[in-house]
Amino acid sequence: MSELNMTPREIVAYLDEYIIGQKEAKKSIAIAFRNRYRRLQLEKSLQEEITPKNILMIGSTGVGKTEIARRIAKIMKLPFVKVEASKYTEVGFVGRDVESMVRDLVNNSVLLVENEHKEKLKDKIEEAVIEKIAKKLLPPLPNGVSEEKKQEYANSLLKMQQRIVQGELDSREIEIEVRKKSIEIDSNVPPEILRVQENVIKFFHKEQDKVKKTLSVKEAKEALKAEISDTLLDGEAIKMEGLKRAESSGVIFIDEIDKIAVSSKEGGRQDPSKEGVQRDLLPIVEGSVVNTKYGPIKTEHILFIAAGAFHLSKPSDLIPELQGRFPLRVELESLTEEIMYMILTQTKTSIIKQYQALLKVEGVGIAFEDNAIKELAKLSYNANQKSEDIGARRLHTTIEKVLEDISFEAENYSGQNVTITKELVQSKLEDLVADENLVKYIL
């Protein structure tokens, strides 16, 4: 099965390994992502006519909204960016403008393509790095030597390369020439200013400018890898492919969309700039051209997924034009005690497995009794009911509290197997059991 060619059923099966429940949300998102692939198989003229059906996900924090979209984008190798609507300001105000989310998507897309090209050239890059270091470690062969000497040198070079690959010479120091560290560019400024910045930097910081550095062989490997990658990769082709991929397959996840909804409940306290951000967002979601440092990008075929809890507002509090641009609505269920238990026991990379792996590094074995896991799920669920509902994130705070002493004094438990019982969970979370001092468990 190719990741790019996953069917909706295969996508949902993949998501089931990491996210419990939320069948309707998984199904809707899987179809939307599959339609990205279907559209690209059509004739060019028909491709232009088909625009993505943007999705509005409604559900409390910690129920899996972001994780569903992020997981699919990752497995399907699609350009993806997650942003928070509340971080943007209306044009004319101090802060980030909404177009910067598209520029962030393009940056991620170019990086994705660059990493793919590096992976294809991985062996070639590593060979070039090892050869360059080996030649630095071996004294150069004088001119006019016999064929026999040349062969001996070639054999010595080969042996040296093998030792470098095996890490035998990692601590040896060598002097190499590396490019001067490039000046950081603020990608949040408008593209016109970005281009001016880049031109100024190129003028004062020519590519051939290099400095000599004494590094260990291990450090030299990394320094040369980055430099040789730049010489072997076709930068322009990568930029063009990244721009094209963002335009045709990009996904922008806008979290906290409810924070810019103008709620009637707020009365006179409402922020007038919220509606301004919505109106700035509208042309991007509808389809417009945004200038980036890599060139202009059309946004009409980018898939937008908006998400929010909508505790203090309703989806209908968004301006009607923006509501119309998110025709698919999915409501995610709040997490029950049973689902909390399943999250701890059935997901591929459950929180329990993560903590077991972390403590195994210190030589500490951790085992959870089933009753202990059920108690963790129960107490986490109760905490969500009695204070702010933060979904599965509550499990992180409760497990962290239970394992806090073991994590802190891990060296004292090295070589031991520790069993987490129901009684231990209750004693560590006694404030939670007694419904006291809940603030400790609120993120």
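A Cβ is built for glycine as well, from the same backbone N, Cα and C atoms used for every other residue.
These numbers come from a predicted model, not from an experiment.
As annotated by Swiss-Prot, ATP binding site applies to ILE20, GLY62, VAL63, GLY64, LYS65, THR66, GLU67, ASP255, GLU321, ARG393. There are 14 other CB atoms within 10 A of the CB of GLU321 (ATP binding site), with all protein chains counted.
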Seminar exercise, completed: Around the Cβ of GLU67 (ATP binding site), other Cβ atoms within 10 Å, all chains included, total 15
Problem set entry | Greatest inter-residue Cα distance in Å for the ATP-binding set ILE20, GLY62, VAL63, GLY64, LYS65, THR66, GLU67, ASP255, GLU321, ARG393 | 34
Seminar exercise, completed: Within 10 A of the CB of LYS65 (ATP binding site), the number of other CB atoms across every chain shown is 26
Seminar exercise, completed: A correct count of other C-beta atoms within 10 Å of the C-beta of VAL63 (ATP binding site) gives 27
